[in-house]
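According to TrEMBL:
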- Lys90: ATP binding site (BINDING)
- 61-365: domain 'Protein kinase' (DOMAIN)
Amino acid sequence: MDPTRLAAICAKIEEYAAGGAPMSRRRVAAICAMFDDRAAAGRTRRNKLRKNLCVDSTRSYKQVGEIGSGTFGTVVKAVHRKTGQTVAIKTFRRRDGKNVPGDGGVSQLLREAAFLAACGGHPNLVGLHTVARDPRTKKYSLVMEYAGPSLRRARREHVAAHGGGAFPEAEARRVMRHLLSSAEAMHARRIIHRDIKPRNVLVGEEGSGGAAVKICDYGLATVCPAHKRVGTSWYMAPEVLMHRMDYDERADLWSIGCVMAEMLSGEVLFKVEDGDGKTRQLDRMFDVLGTPGVETLQAFAPPFAVGKMLRRLARQPRPSHQGRLRELFPGETLSEDGFDVLKGLLTWNPKERLTAAAALRLPWFTGAVDAVAAEIDVSPQAKA
């Protein structure tokens, strides 16, 4: 699916949702039919209407366990009753635990389905199987490719098994190879994920023979250019944190850098307490990466904020602090080649930040013996 078609589908979803009334089953199916470029292009109007009635039923699947639950809703592991295929099924709900108001969350679900469909076919991006409807509740769910537990869960299991959450450099490199490959594919489609973090990275089942790492959860994804500040602040690029409205896919590369740091240290790199806000988040970045100069500030902060930030930096205990990233990741933790990748991803100026393609061309990847992408093991049994 090309970016133009994806944007058109998202616009159609917003148009249908604007009225606030529940979306009809026919409209839901019509949007689902748009996900298949070739089918949509080849059908006549009459055949389209007939095809539009084909939305799967949740009764086709048997739930076998819960994968995760949060304010967004729930994700369960399920098996197709006829084919035996294992899938993940995501159902939305409101923050208070009730169903999403208005259109029942259908527009949000369809929007994510569109991005899943657009990213389908790449080995490192979770793809969409179908949209399913519960005939009893009339609610819709996403039926997606199942790709195992999250990196967050794998790290917790690593802590339980080894007493520490840090992965060896070789394991981190393998995961990073997959993540950068997935980012390169997304960005080629002009898609910005905007919420890459360990919870949204799937690492395959234990004992699965080295399944590919995959990025999931496109609930906050958008088509370039972006215009809203969304995401998880600990993994948020400075230009997004500062409400710069012209940020692009390079914001995802910062987030991937944060994931890399977390794998190597076992700790969230830019963690602040909940409720501390943007100022404390920036202070943590300044402490780790050093204080940026005027030109760099202008590259990631909107014009109205530059003067305010300069005055704040002048009051810092170390106004010309050079950062301590290498101190946090010394040679025994991360080689010089690996540090070049980390430093390149965690670069203040988005125009100077590594792209996914550029990062994959660096010696840390090209000179590594773990070049086969499928060879990945971040299970608790992996040797520390």
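Every residue gets a Cβ built from N, Cα and C, even glycine.
Annotations in TrEMBL come from automatic prediction, not curation.
Just so you know, the Cβ of Lys90 (ATP binding site) picks up 22 other Cβ atoms within 10 Å once every protein chain is counted. Within the model, the domain 'Protein kinase' (61-365) shows a mean pLDDT value of 86, rounded to a whole number.
Reduced to three states, the DSSP call for Lys90 (ATP binding site) is strand.
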